[in-house]
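See structure below.
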């Protein structure tokens, strides 16, 4: 009513603009009351509320042993000196084996008892950079591999933002190598700190994001696939451009994919590969000797092919006899070298999946052994299954499989899952996240044991409770549980009678305690929830719960629609609204004439009218103002007109007297 009086006063004051402003103010959405809004994600809200909180200022000594404190989004981390490590630099590192350590980026070296093998990634990176400068694509030599593999008895504890066995990889390095090139090339940080991609064939762009039309097109016999753009139709098609001539022997290459090769009958037989009575050494020797010396680049490239022999023992050797090793198939083909000239040589098609190399000369012991490419890349055989601590590679019918160690799963044993081996036996296993702090040497899981089992303090597994006091059939149609419980149990299972006999029977539905042998109504002491109705199932000697609308589950324990389940019956004089923030899951919006939590309190007519006016204030307030105005103005107008009539009547009387003196 105070608002109405204010509007009336303003109306008579002639300030209609102020009335409009008040109505606009009332129409605005009420601001959210953050303090009263229930928090269902306290962790995310805490980060939002406390992201400017600086724990380093609140506790300047939070990092011990001269560690430097840095904060980020309300959290902190410590940059420790090389002599300490840990969340707050609380651990002292044993420096016994760290005199010549290779730990990078201010990481902490910690001595360990056993030797471990690591890859000197710093040296490997230097070798690759040098080879890129020299334009060499040859595999790593045995000397280089021996230099890269290191056996050390220390570990590197990395500072925040660094990774790898030597803490030499930054977050930028990892992102560049694994993500930036979209899986279509190799990324590397250049001298200016920018990530550059070396794209695979048929991919191009700064991030190898564009795909050539030649991606699915294979050109044989030295053919080169080219993208042909039709600007009218705005389409790109792949076309194979075949060699126009074949050096030394002549011949032509034709076909849509350059698949047709015609060799003239006049071609010298010593220049024909895969011929009987000849071999690789004789062929390349005569072939290269007949190439003009003005094509020295071609000669060098063909010499490299001839010497591309590496069986793991004899590196950069040559084929001494035959064309291919290990039952490889000799396949003649035209090869285009860097100068774009085409030569008719051959390649070996390996028939054994365990062999590779240009001559199929590299043969692995089994599928778990390293391929030639993996050796050149610096991979290790014990990394086939992530590392030796996660699992081991086993050859099964010529296919490599990872046999994971306890607590690890996945195709390469890369997933840490302490519950995978079911360590709790008779209970449920709950894994402890890697982010949680646990004492060194303790399990990274927790066992939740059922009533029929208890936790073994030594193995931390759930073991069956001693059932010697539970004779066979003692509990009929139920489960026998011994009354051996700890003295500090807050809710002991057994009563005095149970303790005297040494056990308690937990009966199935439809059987009465204490020994679960007397059959009764299965709905006796049923577990149906949320007003569900218990129905007997005579076939199963059990019961089913018939759920009310809005609930579900075997015991009707889940509520999907609180209004359908309960609210519509309670909000008789109102409308039920599902409200997850309300403890009972719904709230009542009352009809006119009722109020209260359940809209069960009837209110006076005057209060109803006031509520209606306030609900429709945009229309009702101006109307009320008008009615009040009319109620006040009408008497004034009537009095004014009566007064005016009296004046006019008096005036007429005066005029009559003047005319008749």
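Just so you know, glycine gets a Cβ as well, placed from its N, Cα and C.
The signal peptide annotation in Swiss-Prot covers 1-16.
Same-chain neighbours of the domain 'EGF-like 1' (52-90): 46, 106-110, 157, 159-160, 437, counting only residues six or more beyond its ends whose CB sits under 8 Å from a CB of the stretch. Annotation comment: Swiss-Prot describes 52-90 as domain 'EGF-like 1'.
Classification of residue 56 (disulfide bond) by DSSP places it within a helix. Annotated disulfide bond per Swiss-Prot: 56-69 (among others), in sequence order, evidence recorded as sequence analysis.
Positions annotated as N-linked glycosylation site by Swiss-Prot, on the basis of sequence analysis: 105 (among others). In this view, residue 105 (N-linked glycosylation site) is surrounded by 16 other Cβ atoms within 10 Å of its Cβ, with every protein chain counted.
Annotation for residue 106 (N-linked glycosylation site): spatial neighbours 79, 82, 159, criterion Cβ-Cβ under 8 Å with sequence separation of six or more. Marked as N-linked glycosylation site by Swiss-Prot: 106 (among others).
The N-linked glycosylation site annotation in Swiss-Prot covers 134 (among others). Cβ neighbour count for residue 134 (N-linked glycosylation site) (all protein chains, 10 Å cutoff from its Cβ): 9.
For 190 (among others), the entry in Swiss-Prot reads N-linked glycosylation site, with the evidence type sequence analysis. According to its DSSP assignment, residue 190 (N-linked glycosylation site) is coil. Neighbours of residue 190 (N-linked glycosylation site), defined as other CB atoms within 10 A of its CB across all chains, total 9.
Summarising the annotation, Swiss-Prot assigns domain 'EGF-like 2' to 210-259 and lists sequence analysis as the type of evidence. The average pLDDT for the domain 'EGF-like 2' (210-259) in the predicted structure is 90.
The annotation disulfide bond is assigned in Swiss-Prot to 214-225 (among others). When other Cβ atoms within 10 Å of the Cβ of residue 214 (disulfide bond) are tallied across all protein chains shown, the result is 19.
The disulfide bond annotation in Swiss-Prot covers 219-240 (among others) and is backed by sequence analysis. DSSP assigns residue 240 (disulfide bond) to a strand. Within 10 Å of the C-beta of residue 240 (disulfide bond) we count 20 further C-beta atoms, all protein chains included.
For 279 (among others), the entry in Swiss-Prot reads N-linked glycosylation site. If you draw a 10 Å sphere around the CB of residue 279 (N-linked glycosylation site), it holds 14 other CB atoms from the protein chains shown.
The annotation N-linked glycosylation site is assigned in Swiss-Prot to 290 (among others) on the grounds of sequence analysis. Cβ-based neighbour count (10 Å, all protein chains) for residue 290 (N-linked glycosylation site) stands at 11.
Residues annotated as N-linked glycosylation site in Swiss-Prot, with sequence analysis given as evidence: 316 (among others).
The feature N-linked glycosylation site is assigned by Swiss-Prot to 338 (among others), with sequence analysis given as support. Mapped onto three states, the DSSP output places residue 338 (N-linked glycosylation site) in coil. Cβ neighbours within 10 Å of residue 338 (N-linked glycosylation site), excluding its own Cβ and spanning all shown chains: 9.
Through the fold, the domain 'EGF-like 3' (377-414) approaches residues 117, 119, 124, 140, 145, 148-149, 353-354, 366-370, 420-421, 444 of its own chain, all at least 6 residues removed from its boundaries and within a Cβ separation under 8 Å. What Swiss-Prot records for 377-414 is domain 'EGF-like 3'.
Taken from Swiss-Prot, the feature disulfide bond covers 385-402 (among others). In the three-state DSSP assignment, the secondary structure recorded for residue 402 (disulfide bond) is strand. Cβ neighbour count for residue 402 (disulfide bond): 21 (other Cβ atoms within 10 Å of its Cβ, all protein chains included).
Neighbour count (other Cβ atoms within 10 Å of the Cβ, all protein chains): 22 for residue 404 (disulfide bond). Counted with DSSP, the domain 'EGF-like 2' (210-259) comes out as 4 helix, 20 strand, 26 coil. If you check the disulfide-bonded residues 214, 225, 528, 563 against residue 240 (disulfide bond), the ones with a Cα inside 10 Å of its Cα are 214, 225. Among the recorded positions 214, 225, 338, 402, 528, the residue whose Cα lies closest in space to that of residue 105 (N-linked glycosylation site) is 402. According to DSSP, residue 563 (disulfide bond) is assigned to a helical segment. Of all the recorded positions in the list 190, 419, 528, 576, the shortest Cα-Cα distance to residue 547 (disulfide bond) is found for 528. A gap of 57 Å separates the Cα atoms of residue 290 (N-linked glycosylation site) and residue 404 (disulfide bond). Measuring Cα to Cα from residue 402 (disulfide bond), none of the recorded positions 279, 419, 549, 563, 576, 588 fall within 10 Å.
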